[in-house]
Protein chains: 2
Amino acid sequence: MPVTLSHEAPDFERRFDALLDMKRESSADVDATVAGIIEDVATRGLDAVIELTRRFDRWEIDEASLAFTEAEIDAAIATVPAAEMAALELAAERITAYHARQLPEDDMWEDAAGVTLGWRWTPVDAAGLYVPGGLASYPSSVLMNAIPAQVAGVRRIEICAPTPDGRFNPLVLAAARLGGASRVWRIGGAQAIAAMAYGAGPIRPVDKITGPGNAYVAAAKRRVFGRVGIDMIAGPSEILVIADAANDPDWVATDLLSQAEHDESAQSILITTDAAFGAEVARAVDRLLQRLERTAIAGASWRDFGAVVVARDLTQAAELANRIAPEHLELCVANPEHLMGEIRHAGAIFLGRHTPEAIGDYVGGPNHVLPTARSARFSSGLSVLDYMKRTTIARVSPRGLAAIGPAAETLARSESLEAHALSVRCRLDAQEAAE
Amino acid sequence: MPVTLSHEAPDFERRFDALLDMKRESSADVDATVAGIIEDVATRGLDAVIELTRRFDRWEIDEASLAFTEAEIDAAIATVPAAEMAALELAAERITAYHARQLPEDDMWEDAAGVTLGWRWTPVDAAGLYVPGGLASYPSSVLMNAIPAQVAGVRRIEICAPTPDGRFNPLVLAAARLGGASRVWRIGGAQAIAAMAYGAGPIRPVDKITGPGNAYVAAAKRRVFGRVGIDMIAGPSEILVIADAANDPDWVATDLLSQAEHDESAQSILITTDAAFGAEVARAVDRLLQRLERTAIAGASWRDFGAVVVARDLTQAAELANRIAPEHLELCVANPEHLMGEIRHAGAIFLGRHTPEAIGDYVGGPNHVLPTARSARFSSGLSVLDYMKRTTIARVSPRGLAAIGPAAETLARSESLEAHALSVRCRLDAQEAAE
């Protein structure tokens, strides 16, 4: 049974806090294994990668068959049904258009003191994207990771996608090509992360690694962080729907289940101002669960982590949403723009009754890699900025140094950093001598 | 003896790689101790913080004396010499002006398909800044951490600054006030990080923790990451100076020593196109070391990690700089803007002969918290964006859903996510039925 909770309950605050504190992830302790794999790849390179792929993916590769050839990719794409290819192309186009608007601008100006200041954004040289094999091999995630890198101007985009027993998803290769990948390597797991961080045979090291993966991949990303950049480590998916009584309960129920079907640890929460509507949605969820393909997964998620919360009014609903800081937030209310003004923390907001979250997973345009587990309080979804970095720029003229140099000297001496002070003083002295 | 290396040496590449791979940090294994401290504070709250402060800082606090009072801050600021106060105010003003230009813009637009898209930036609710005690208690770092948070619009800025044996630096309190801190707590170490992450007595939890610290503080930040956001874990400081023979060797030598004096693990590298000039700078460094206050620290850094590299020309110098990806890069050449065009990776660039790096530490305006240990390949210095997060926004009209919904449905089915497909389909069916 999902949690059912009304603002009228005397222990509402305590029970809402308990909902926030729910532990949804069992962290398998794979760290020692992963440390060994990374060490092995860092030391022995390609030989280690080949052996580990034989062991974990039951697949024999050598240097020549390590990456898909262009011909193999062509052949795979030729098997993709036309409707799926067209849908993937529409998605790629829309994701590209959205992310192109995120490209940051450089700036440079001179201030009143005669100091030229600015910054410049540059892409990372090379990005590595991890694509899981098996069930979680989502072509949409390939687009969501590769396109921001492509838009950022990353010249080399390496993809690692394991092909256990030789099997692979042709749509993943189609997405890789649409996303501008330089190569797709048939390797996975911690060994793929290590190969991208340290290099292995023909796989040259990258500067930033992104993309979802299992516990081994996540642990490997944590371990190579510092040597390369990584994106966030995503937890199980979540949705919060704020809905008034004017919604169709079936629509809201499918939205809740669209997160629940991802993972038994996913969480779907409805906040409504109408207790009767909440009960109707819960009944609709139960009905839908009887016919859903992934009913076992979605049912377990809804039973263990689902919740229907009845709020006093929309203002209280917004306050509760800010405490949840959800990955996905649907505002299915009459005036969603107004309600959005009260929301401070959410990864992505979907406005109005005709914007199911699934639109954002595929073809909306914004990224579907979003902060989970309340981290929307302090972090953002994946963007073009994740594949770029900013260099700050300063140029001080002799006049500028005369204006601001003495203050730097004073502060350096107050911090007992004499050489700092001297580096300013020697230039000021030379100016004064020249006058 | 610092490394001396010429592009003409037959083993240049190997030796340059060795320079890049130098291990400068000994990572003290404090993780188990830190885990215990965090657990203690998370469980027992303020009591644990009081006990740990007694033990580590030899200082007795209770709930009432946990934070500096406004009167105590006033009294401390009154003891700051006028010149230092004026210098700090100039620094605060210039840092504020620079960071104000980093404030990102929100955006919202409707595209041809009838889909409204956009994003919105919001500040984190609360930021916690760590300020080390003792020697490394730098008021400039307080400004560099607090001001971006203040500019971002963070409403609550908590500072933790230990006062071992009761001692504190009045300039730190002055900087805290200039930076808009809500409170300054007299606690430090892993217990301060835990208190900011979990809350302890009157210390309410924050959403993001930034600021430098020793090995215990760094380990604690790593451990609370996920529950709160953190900034990068900074390594020892570095400078790379690219200088032609037209520079005053003494100026360049002070710039190299201004990093070396920070820390025995700091690294200062000169790349020059003129071997004789390189030798002159090395002699100037030796001369300066004889009179420098922090000669033991600066001398050890220069001896163990310093380097003078002679490059064929400025193009090779820029290539080597990109491989180093330095935290600080001075371009002391005739046309620094031109050379900057060849630089892809650097935390901060200082252009021309009159821009010593120390200007950037205090009064330039850009942030002095910058990526170390080659991480400028993939990350940026501290900025206003570190205290904000972006929420993506989508609103699909019925017409928009008719245009892009079928593609989402197709992709969802191809990924075997039926509820995703249904959440789109039920709305499309309703539209079709209504027509």
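Note: Cβ is positioned from N, Cα and C throughout, glycine not excepted.
Here TrEMBL flags A:Y130, A:Q191, A:N214 as NAD(+) binding site. Residues or ranges marked as substrate binding site in TrEMBL: A:S237, A:Q259, A:H262, A:H328, A:D361, A:E415, A:H420. The Zn(2+) binding site annotation in TrEMBL covers A:Q259, A:H262, A:D361, A:H420. Per TrEMBL, active site, proton acceptor is recorded for A:E327, A:H328.
Feature annotations (TrEMBL) mapped to structure.
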| residue | record | DSSP (3 states) |
| --- | --- | --- |
| A:Y130 | NAD(+) binding site | strand |
| A:Q191 | NAD(+) binding site | helix |
| A:N214 | NAD(+) binding site | coil |
| A:S237 | substrate binding site | coil |
| A:Q259 | substrate binding site | helix |
| A:E327 | active site, proton acceptor | coil |
| A:D361 | substrate binding site | helix |
| A:H420 | substrate binding site | helix |
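Of the recorded residues, A:E415 (substrate binding site) and A:Q191 (NAD(+) binding site) place their C-alpha atoms 46 Å from one another. Between the farthest pair of Cα atoms in the substrate binding residues (A:S237, A:Q259, A:H262, A:H328, A:D361, A:E415, A:H420), the distance is 55 Å. Here the binding-site residues are A:Q191, A:N214, A:S237, A:Q259; the one with the fewest Cβ atoms within 10 Å of its Cβ is A:N214. Each of the recorded positions A:Y130, A:Q191, A:S237, A:E327, A:H328 was checked for a CB under 8 angstroms from a CB of chain B; none meets this.
Rounded to a whole value, the Cα-Cα separation of A:H420 (substrate binding site) and A:Y130 (NAD(+) binding site) is 44 Å. Across the structure, A:N214 (NAD(+) binding site) and A:H262 (substrate binding site) are spaced 14 Å apart at their Cα atoms. Of all the recorded positions in the list A:Y130, A:Q191, A:E327, the shortest Cα-Cα distance to A:Q259 (substrate binding site) is found for A:E327.
The binding-site residues shown are A:Y130, A:Q191, A:S237, A:H262, A:D361; of these, the one with its CA atom nearest the CA of A:E327 (active site, proton acceptor) is A:S237. One way to see the shell of the NAD(+) site is to take the Cβ centroid of A:Y130, A:Q191, A:N214; the remaining same-chain residues with a Cβ within 8 Å of it are A:P132, A:C160, A:P162, A:G188, A:G189, A:A190, A:A192, A:I193, A:G213, A:Y216, A:V217, A:A220. All protein chains included, A:H420 (substrate binding site) registers 29 other Cβ atoms within 10 Å of its own Cβ.
Under the DSSP three-state reduction, A:E415 (substrate binding site) is assigned to coil, being neither helix nor strand. Cβ neighbours of A:H262 (substrate binding site) (same chain, under 8 Å, six or more residues apart in sequence): A:P236, A:S237, A:I297, A:S301. For the binding-site residues A:D361, A:E415, the greatest number of Cβ atoms within 10 Å around a candidate Cβ is found at A:D361. Counting Cβ atoms from all protein chains shown, A:Y130 (NAD(+) binding site) has 27 others lying within 10 Å of its own Cβ. Local packing around the Cβ, expressed as the count of other Cβ atoms within 10 angstroms, is greatest for A:E327 among the recorded positions A:E327, A:H328. If you take the Cα of A:Y130 (NAD(+) binding site) and the Cα of A:D361 (substrate binding site), they are about 18 angstrom apart, rounded to a whole number.
With respect to their backbone Cα atoms, A:Q191 (NAD(+) binding site) and A:D361 (substrate binding site) stand 28 Å from each other.
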